[in-house]
Amino acid sequence: MSWLRSWLKAPFRFTSASVTVLTVVIYVVIFANVLYSDELSNVPGNTKGLDVNRAYADLHQITVRPHPYLSHANDDVRTYLLSQLEPIAAQYDHVHLSHDLTSNVSFVHGGILKGQTPIGVYFEGANILVKIDGTDTPLADPERQHDGVLFSAHYDSVSTAPGATDDGMGVVTLVELVRYLAVPEHRPRRTAVFFWNNGEEDGLNGAYAYWKHPWSNLTASFLNLEGAAAGGRPILFRSTSQAVTRAYASKDISHLQADVLTGDAFKRGVIRSGTDYQVYAEGLKGTQDPMNGLDIAFYKNRAFYHTPRDSIPGMGYGEGKKALWAMLETARGAGLALLNDDDTVDDGGSSGVYFDLFRSRLILFSMQALFVTNVVLLVIGPIVTIVLLAFLVIATKKSGSGLAGHISEDEVPANNWTKVKKASRIILGWGRFWIALIIGILTHVGLVAGYLNVNPYVVHAHPYVVLVTFLSLSYVALVGPLQILQRTIPTSPSSQKLVVLLEHYFLTWVLLVAATVQVHEHDIGGVYWITAWNLTAWLAAGVALGEGALHGWKGGEQGRKAGLDLSIGNDYDETDGAGRRLPTEITPLMHQQWGSLETGSADPKYDEYGWWILQMVFAVPVLATLLFQLEYLLLQALMNTLVDGSSALNLYACLSALSLMIFLPVAPFAHRLHHWLTVIVLVVFALTLISSWTLFPFSQERPFKVFFQQQVEINASSGIQSPSTPLNFNSQDAGTTSVHNETFDVSRSNVRAWTVLAGLPGYVDRYLVPELPSSWGKDVHCELDTVLKPNLLECKWESDLVPSPGGDNRDVNDVQWLDVKTSRLNETNGMIYLDGTNTRGCRLYFDRPIMYYKIHDVDDTDGSETNATGEFLPGYEIPEGGIKEVRLWSREWERGFLVEVGWKADSESKSVDEAIGGRAACEWAEYASASEGGSSPPGQSALIPALEEVKAFLPLWAQPSKLTDGLVEASVRFSL
């Protein structure tokens with residue numbers, strides 16, 4: 001029966017075969033589970049009161065065509081939403097509808113993205129709100145603070161996308177939640193305010209207008225639904241506090257995704273994007289407290305974001321309904337928890353740390369708990385390790401002094417070469433982990449540099465090839481050197497494992513020190529995985545020390561080979577084809593055997609059974625799972641951002657670091673992994689590297705993104721009245737600058753149009769611009785953009801394809817773009833009247849800063865002043881240095897803006913009467929192919945033939961997107 005006993009014990013022995021099989025099984029299971037759990041689940045048969053098919057039908061209705069704020073299709077979407085909400089409000093007394101067409105707001109912000117120049121905004125809202133009174137209303141108690149919940153989504157899209165994901169699914173999710181919560185048996189404890197805002201895509205304007213509505217006083221927390229990509233599963237983008245994050249852990253959410261690292265990325269400015277979340281979370285200075293809430297958003301397939309592919313078909317067959325269900329389930333689960341649970345109310349804003357496991361369970365704890373845990377591990381971990389190490393040293397000395405008849409290398413006459421070999425074995429035994437780590441880092445630096453110089457954007461269309469390249473290099477670069485060193489200078493396998501486990505633990509301890517500083521100083525919770533890494537490395541090292549001490553106390557040669565004595569060679573190791581060690585000058589002429597002190601029997605080599613399995617289970621699975629989930633999340637979130645101008649270095653550096661750390665815990669066992677596995681992984685690395693360096697980086701499935709705008713310059717001096725004609729208030733014969741384009745023949749020099757395309761250097765100029773007939777024979781000027789799209793190349797040329805604003809005037813020989821009137825009131829004040837044809841969005845650009853602006857109501861019949869409107873939101877006033885741009889948005893079509901502005905006298909000017917100049921401009925975002933079938937009468941839609949040309953002739957691997965709010969901007973110079 002000895003053969004049976006040996007056969008049963010074989011899988012537990014520390015041999016090449018056993019270690020290789022267990023390692024492969026662990027990593028395959030982890031990778032497969034992460035990839036499988038990331039897939040969208042099917043819509044269940046029982047949706048618990050939510051009608052997915054009805055919401056899916058709503059989504060079809062509102063995503064027929066693009067519907068930006070500057071489009072008549074936007075009005076169509078608002079009309080449809082009202083048609084769905086009005087019957088609900090009429091049916092239930094506790095449901096109230098507000099079609100807000102009165103909230104006007106003025107504010108100044110630094111742009112949606114941090115670091116941009118301050119911009120003044122005047123916005124007339126067209127928002128829709130529904131209030132469902134809670135059963136536990138605080139209205140009966142005046143002393144009680146309101147604790148309602150705001151549910152927010154924006155119903156406008158960008159001009160180049162139907163907006164199925166951004167933000168169509170959020171919009172229809174809120175409609176379906178209103179239907180659900182309106183039913184008396186589902187009525188919540190707290191009041192729910194549902195908010196469909198308009199104008200988010202143009203600067204979060206609708207969210208700012210929320211503060212002007214009286215219901216804004218009822219809400220203390222919020223749930224914002226967004227779409228920063230196209231389809232997939234929504235993620236908890238960011239959270240203000242631990243209390244509201246508990247709502248995301250609701251048992252009613254069966255599949256979820258969250259990681260505090262995404263919130264940290266926003267906090268540190270790594271993600272340069274803006275959502276309505278930031279408006280609600282900041283509150284209003286001195287009047288409205290910041291609200292606590294969640295930002296839930298789609299993030300996958302960003303290649304389709306803001307392009308025509310952000311559509312229901314663009315999400316893939318059947319995937320749109322799955323994605324919609326994922327948002328419905330998540331919003332209902334988190335929303336019900338916010339409305340009904342007591343532990344989701346404000347906890348003082350204390351930060352939370354959270355992440356999911358296999359998209360099924362949310363792990364949540366406080367930032368303070370993470371900090372305390374780190375401190376405990378930093379203090380207790382080394383103390384316990386040192387104590388166990390002391391026991392091991394004592395036990396090893398005991399076993400060494402108790403050997404009978406042992407002939408050691410020290411007792412054999414040795415020459416200098418023998419001493420050098422012994423010293424090198426010890427030095428390299430303790431240093432080989434650091435050698436492998438340095439090699440791993442250097443090879444990854446080389447790989448990242450190779451990608452940046454050879455094919456930097458390949459990750460856009462071929463992410464899995466790139467991912468496998470980084471992972472395979474990590475394995476080869478770490479495991480290969482350790483295997484080579486073990487073959488050339490062999491040591492006891494168990495001793496080598498123990499040494500590397502200790503060094504591995506020391507590395508994690510150093511990283512934990514740095515992570516604890518980040519937690520304490522900057523509230524960065526995304527380093528939670530370092531805490532888990534240190535804990536598991538400590539446990540693995542502790543088990544190994546315990547193993548060595550236990551066998552050391554037993555005495556004999558086994559005790560020495562289970563300890564830290566790296567001077568002992570691996571004489572008996574015949575696994576993995578290594579063979580028996582060749583004789584050397586210190587090998588005795590006659591084979592020596594020595595007996596155990598206790599038994600006197602022959603003492604065989606040390607065979608380790610079982611201990612290594614426990615050590616590997618502690619060291620590898622937890623960290624590999626957390627890091628691979630994180631790496632896959634970052635890959636999906638960032639791989640399509642390079643075409644927006646994001647840094648390729650940041651993405652490849654993240655993939656490199658995470659891939660390397662995923663395989664670091666296997667280093668203690670690397671010398672026991674089969675060399676053929678390393679060879680196979682090396683071949684995989686070579687194949688994927690060659691592929692990723694030669695593949696074209698864009699495809700029809702993951703297209704390149706090019707940003708479009710057409711700029712129209714109107715020369716007011718060409719047979720047109722001067723823009724400096726005085727503006728006389730309360731007078732029907734006020735001077736006017738009416739700018740006309742009498743014909744599309746730009747040779748008349750009163751109107752000139754430039755087409756602008758922005759995209760990645762080397763692609764937009766080399767592949768795209770030459771495909772457009774309007775650029776042939778033209779002087780195409782390309783330069784790096786530093787304002788709208790940093791790091792992208794902006795190519796510009798004068799085009800014969802002149803746009804038309806549309807409207808009632810169908811005479812192409814008398815197209816009127818703008819009406820501009822100006823009047824100097826005194827030395828530092830002036831008035832500007834600006835009106836655009838068939839638009840409701842305009843801008844004023846000033847050559848030098850203005851210190852204030854005020855919007856006046858006007859009577860459209862004569863342009864006369866009626867009364868001043870538009871006080872600034874508290875905390876959003878004009879900064880001390882002033883502003884040079886004002887954006888104007890009207891809820892009505894073709895209604896002019898009367899703007900009073902003031903500036904400081906120029907101290908360097910010789911005359912106080914020196915004029916202040918600038919440009920008056922209006923924006924258009926409608927075009928024929930996107931307006932067909934809408935409510936705008938045929939023939940009255942704006943025409944942008946240059947955009948139609950781009951859509952017609954772009955390669956299949958490219959898609960157009962908007963460069964800024966207006967696809968067309970027409971401007972004229974003015975002076976005050």
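Positions of Cβ are set from backbone N, Cα and C atoms, glycine also.
Straight from TrEMBL, the features:
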DOMAIN    142-315  domain 'Peptidase M28'
DOMAIN    432-543  domain 'Vacuolar membrane protease transmembrane'
DOMAIN    601-675  domain 'Vacuolar membrane protease transmembrane'
DOMAIN    742-969  domain 'Vacuolar membrane protease C-terminal'
TRANSMEM  12-36  transmembrane segment
TRANSMEM  369-394  transmembrane segment
TRANSMEM  433-452  transmembrane segment
TRANSMEM  464-486  transmembrane segment
TRANSMEM  498-520  transmembrane segment
TRANSMEM  526-545  transmembrane segment
TRANSMEM  609-629  transmembrane segment
TRANSMEM  649-669  transmembrane segment
TRANSMEM  676-696  transmembrane segment
When counting Cβ pairs under 8 Å to the transmembrane segment (369-394), the leader among 498-520, 649-669, 676-696: 498-520
Top partner of the domain 'Vacuolar membrane protease transmembrane' (601-675) among 142-315, 432-543, 742-969 - counted as Cβ pairs under 8 Å: 432-543
Contact check, the transmembrane segment (498-520) vs the transmembrane segment (433-452), 3+ Cβ pairs under 8 Å, seq sep 6+: yes
Contact set, same chain, for the transmembrane segment (464-486): CB under 8 Å, 6 or more residues outside the stretch: 428, 432-433, 435-437, 439-440, 443-444, 447, 451, 458, 493, 496, 500, 570, 631-632, 635, 655-656, 659-660, 662-664, 666-667, 670-671, 673, 675, 678, 681-682, 684-685, 688-689, 691-692, 695
Helix, strand and coil residues within the domain 'Vacuolar membrane protease transmembrane' (432-543) as assigned by DSSP: 98 helix, 0 strand, 14 coil
Overall pLDDT of the domain 'Peptidase M28' (142-315), taken as the mean: 94
Contacting positions for the transmembrane segment (676-696) when only residues 6+ beyond its ends and CB under 8 Å are counted: 20, 24, 447, 450-451, 454-455, 458, 461-462, 465-466, 468-469, 472-473, 475-476, 479-480, 483, 957
